[in-house]
Every structure is written in C-alpha cells, then in structure tokens.
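Asks: What follows is a single structure, and I will ask about it in a moment.
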Amino acid sequence: MINRAKLQRLAAREGTPLLIIDHDIIRANFLKLRKHLPRVQLYFAMKANPEPMIIQTLHHFKSGFDVASLQEYQTVLENIPKKDLRGHKLNDFIWDKIIVANTIKPVATLQQITGYNTLMTFDNAYELEKIKQHCPDAGLVCRLRVQNVGSVVELSSKFGVEPGDAANLIDRSFDLGLTVEGLSFHVGSQCCNIDNYLNALEASAEIFKEVRKRGHKMRLLNIGGGFPVPYDGSVPDFEGLADKLRKEIDRLFPKSIQILAEPGRFIVATAATLIVEVVGKSFRDDKWVYYINDGVYGTLSGVIFDHIPYHFNAFKRGDKKLSAVVGPTCDALDTVSTAEMLPELAIGELLFVKNCGAYTNGSATTFNGFPKAKILNINA
Ligand SMILES: Cc1ncc(COP(=O)(O)O)c(C=O)c1O
C-alpha cells in the first residue's frame, strides 16, 4: 500500500476521483496463488477488473484469462503481444490463454470466436444446441451447481447443472459430436467457507467417475474463483485454505487431470486505492454527511453489486465523529456508508478507500453525467 504522502501527491497531480492501481501488488497476489496452488493453471477473471494494463502484467506471468463477453475476449487478444499468438496452430493457441466462463453466450459471439478452439462453459442443453451450430470447435466445460453457503456473492441461483444431471448432459454433448473437456464450478465470490470447495471437489470427482464409466474421458477440472480477500480480520487466511484445497485436489484427481482456476478478486482487490474529494457537506439526522465526487454509481458500485462495505480514511487527524458518506448523484441510493468515524472535514478535503481493485471501475457508470474516476497504473 502506498503511503499517505504519496497518495496526496498523486491526487494533487492527477485530480480526483482517482483510482490508483499498483501492479506490484497484482504481481504479488498472483505469485501467492501460484505458490500455494502450484498445480493450478490460473485464468484471471477479467470481470473483476477489466483494465487492459492488468492483462499485460499478468500475461508476463503466463496467466490465462477468464472472459464473459466478446468485448473481453477481444481486449485480451489486443493486449497479448502478437508474437505470442504466432507460431501456434490456430486450433490450439487460445486454449491456455482464454476460457469463456459465461455459461450463456449470444449466437453472434459464438460465430465470432469459432475457429479458435476456445474453452467455454455450459450448463444446459439449449446452450449445447447453439454451440453445435455456431462454434462446434469449442472445448466444452460443464459447469456444476455447487453449494455457495457463506460466500458473500452467491452464484448458484443462476448457474450450473445439478450434479445429479451432469453425466446425462455430458452424454448429450458427446452425442451431438461435441467434446466435453471437463467440469467447472464456482463456490461464490469471497468464499469464507472452505466446505464449499471441499464438497464441490467431492461432487466433481464422482461425476468424473460416472462419465468415465459411460466411456468418455475428461481431462480438466476448473475450480473457479472465490478465493477470499482479507477486507477485515474475520476472513480466513488464504494459506490455510489453499493448503486444504491442494491436498484434496491431489487426493481426488490424478496428475493427468489438469486443474484450472479463475481467480478475480484475490488478484486485484488489494491492489487499488481510490481517492475522492468532499464536494459538499451538511448536518442531517445528528451526523455529518459528506458528499463526495464518486459513489455507488461510480467506482463504489460494489456496495450494491458486490455486497462489499467500503470504509473511508481521512488524511487529516482530529476527533472522530459519526458521519455518512454519499455519492454526487441525485439518487439517495447513492449512499456509500451511513456510519463512518471521521474527523470533521471541509469541502475540498480528500478521503481515500483501500482495497478498491475488484468489481469497482468495471461496473462504474457515468449516471447523471458524473465522469468515472481516472485510473492511474503504477509500477506497471
Ligand atoms: C464464472 C466466474 N469465474 C470467476 C469469477 C471470479 O470470482 P472471484 O472474483 O470470486 O475470484 C466469477 C465471479 O463472479 C465468475 O462468475
């Protein structure tokens, strides 16, 4: 984390709102995952932060990328040097660089990416028909519905075939002449419950056995994302979780099965700091209310979409008073925090928010005409 004096210098130079992304931290987080999960091939989930320079940084470490849309797919291709795409057969070059991990893909997207032998997830027969017609060279990954209990962002209501139906769906894929390369699951984002992973691994191993019995061979397991970020002291430590995960993967899956993961939050959340300015203030309901130049419709959209509370730090010292911090738009939903302890601030003073790198700028809008925060990449 860069020190306060440097944050203030950068804000004075660049203006606010300013989102500073520190690529040294991105590298450290990526290497931590790789160190503790050495068997796992990592595909950074671009949805967590779509800033193109992050692709360049992670590509140096041979990371792959999990994309959800054609736009993300193309952004990855634009940010990987052409030389790294040449020299490979068209039919295999994309395999270790991109997985389309959205189970639902528009026909137009499938038509654009056919010919690249792209790995992609699916969880229902309608999607199989689309893939068969518009992208039959895809390598398929069947996504399972798994327990998301205790994860901050649950995904199982929307995605994944019930484990009991997976073998039939996989049979159906092979009957259509498609190739299912393996299984995937996602335990929910910011997963603080290791049992979600352990149960999902167990269920996956059972399905591998069943599919093998039916005469098909799958060669990969994608364990998704969900690795928790230490936003506060209640989050279980990553090393302990990774240790159990590693042992369980080795117990259940022979080395011939390739293990993939799609971490997003873990790689980028702690790498960014947001600096905002107080543009107005009032005293309402017995507390100070500070209006800042970014908010729920901007970088701090994670309050709604990501269920993450953000906390504000002042540069100045002084007696702390109960305060609310709200965004600049005309909507009262644009309330970032109703209970912060802050020294009394004057209009024009700055605040900063740590751990703002995941699900922030990616889902920011310009509602009411307020511009998005400027992004400053450092140590890139
Ligand atoms: C399919 C898929 N993969 C990966 C991720 C990244 O998850 P996380 O940021 O929790 O690591 C998500 C997040 O929603 C997802 O939906």
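Each residue, glycine too, has its Cβ placed from N, Cα and C.
Look at TrEMBL and you will find 26-269 tagged as domain 'Orn/DAP/Arg decarboxylase 2 N-terminal'. Residues or ranges marked as N6-(pyridoxal phosphate)lysine in TrEMBL: K47. As annotated by TrEMBL, active site, proton donor applies to C330.
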Asks: If one measures from the C-alpha of the residue listed as 'active site, proton donor' to the C-alpha of the residue listed as 'N6-(pyridoxal phosphate)lysine', what distance in angstrom results, rounded to a whole number?
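Replies: Cα-Cα, rounded: 27 Å.
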Asks: Identify, among the recorded positions K47, C330, the residue whose Cβ has the fewest other Cβ atoms within 10 Å in this structure.
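Replies: Checked K47, C330; of these recorded positions, fewest Cβ neighbours within 10 Å: C330.
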Asks: Taking all residues of the domain 'Orn/DAP/Arg decarboxylase 2 N-terminal' (26-269) together, what is their mean pLDDT?
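Replies: When the pLDDT values over the domain 'Orn/DAP/Arg decarboxylase 2 N-terminal' (26-269) are averaged, the result is 93.
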